[in-house]
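Below is one structure; the comments refer to it alone.
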Amino acid sequence: MGKFSIPSLTKRQWATAFVIAFADFCSAVCISLQAPFYPAEAERKGATASQYGFVFGCYELTVFLTSPLFGKYLAKLIPKFMLNGGLVVTGVCSILFGVLDKIDDTTAFIGLSFAVRVIEALGSAAFLTAAFAIIAAEFPSSIATTFACLETFFGLGLIVGPTLGGFLFQMGGYMLPFTVLGVLLIAAALFTYALLPAAEHCDSPQSGLFRILRIPSILLASFSVFAASTSVGFLSATLEPHLRQFDLMPVSMGLMFVIEGGIYAITAPVWGYLCDRKVQPKIVTLIGSIFIVVGFLLIGPAPFLPLDTTLNLAITGLVIMGFGVGAELVSGFISALQEATFHGFPNNLSTYGLVSGLWTSTFALGAFVGPSLAGILFDQVGFRYSTLFVITTNALLRRLSPGILAVPEQYQTANYSTLAGEDYGPEDERSNARAKRESMVSSLKDGMANPEWMTSEQSI
């Protein structure tokens with residue numbers, strides 16, 4: 001058992017990690033910036049909750065629809081260009097969003113808010129897809145650890161965004177928060193242009209999203225990301241009305257939303273390290289699903305538990321849930337990437353783009369479905385019964401993964417290893433490496449002591 005340590009990084013890797021971490025933070029702040037004051041501004045213009053709620057929802061829906069396309073054409077568009085372009089588009093749209101308060105007509109205000117938000121989502125989808133692919137390409141020996149560490153900065157941005165937005169709004173009105181964040185995003189684009197190394201060119205993949213989605217283990221990884229983001233989105237819409245019974249001060253209520261995100265930001269690097277060095281990612285996914293189920297059992301608490309709703313119980317549930325969200329999101333990315341290469345996709349930037357686009361899209365889908373369905377369930381059956389949706393969704397992960405805890409250790413290594421020269425050496429070296437891997441995996445499958453154990457292709 002080795003000690004937990006930070007991998008030795010080259011100057012190129014440090015530069016890559018620094019600029020993407022800074023851009024991740026700024027992008028997350030921009031995403032969550034308007035939550036404290038945009039609804040009030042929209043209502044002042046005469047908009048209803050349904051109208052301005054769709055302005056928020058269209059962002060995640062756009063990311064869901066477009067991320068796979070950005071992932072598919074990542075190699076043609078060049079990752080660094082896509083990342084820089086995404087940041088600039090997001091920054092400009094943030095500034096434009098800040099001048100919408102000058103419009104008094106309700107229809108024009110909502111319509112332009114919707115249009116700007118959709119274009120901003122396109123920039124965010126491009127940036128996130130390119131960033132995840134670059135991480136996989138630049139940190140091949142510690143993809144999960146690096147991905148998780150950078151996700152920490154994104155999580156911190158989601159936490160800081162509403163607080164910073166409220167402060168800047170109080171200091172300078174509606175326009176100031178969006179202008180400050182827009183300038184920061186454009187500055188982040190300049191940083192990435194100057195410091196981020198250019199990724200090596202590779203051919204576009206011969207097959208794309210539909211082929212990768214035919215692999216059951218990748219569907220399982222995608223479902224884990226969906227389950228985690230749905231859980232987070234569910235609370236964003238229902239936690240405040242659920243806790244309203246305790247008459248918390250605004251600051252205290254805000255801190256309740258920080259708990260889950262803070263735990264995720266702190267623990268994500270640990271889950272990444274475990275996926276890289278110690279534990280098969282799908283096992284981490286199962287552990288995460290258990291944490292989320294237990295967390296939601298306590299936050300309500302679940303209607304079948306003989307417990308009353310208390311603040312301490314809700315806080316405990318949020319802490320436990322934070323551990324689970326980190327586990328499912330991190331393991332979902334690395335598991336999908338490993339399974340793609342094992343099932344014949346080349347270990348290069350094209351595949352990284354496909355997987356990162358799939359991850360971003362699935363996360364956005366959960367972030368859209370979570371709050372949308374949560375509001376309906378909350379109105380119909382109340383918070384305690386509505387939590388059964390999240391509990392059932394995460395419990396399904398265990399039902400969809402029979403046999404993975406019985407995977408022989410030798411097969412785990414063969415399953416998730418890329419042999420030297422397999423994808424980057426001359427053609428004869430690549431052919432020999434692939435032949436060796438296929439022979440090794442075939443012999444391990446033939447010699448398994450437990451014939452009832454199912455391979456990853458049969459695991460669902």
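These residue numbers are counts, starting from 1, taken along the chain as shown.
Note: Cβ is positioned from N, Cα and C throughout, glycine not excepted.
Checking the ranges 20-40, 251-271 against TrEMBL, the transmembrane segment annotation falls on 251-271. For the transmembrane segment (175-196), the neighbouring stretch richest in Cβ pairs under 8 Å, chosen from 81-100, 251-271, 283-305, 349-369, is 81-100.
Taking Cβ pairs closer than 8 Å, the transmembrane segment (52-74) reaches residues 31, 38-39, 42-43, 82, 110, 113-114, 117-118, 120-122, 124-126, 128-130, 133, 204-205, 208-209, 349-350, 352-358, 360-362, 364-365, 367-368, 371-372 in its own chain, all 6 or more past its ends.
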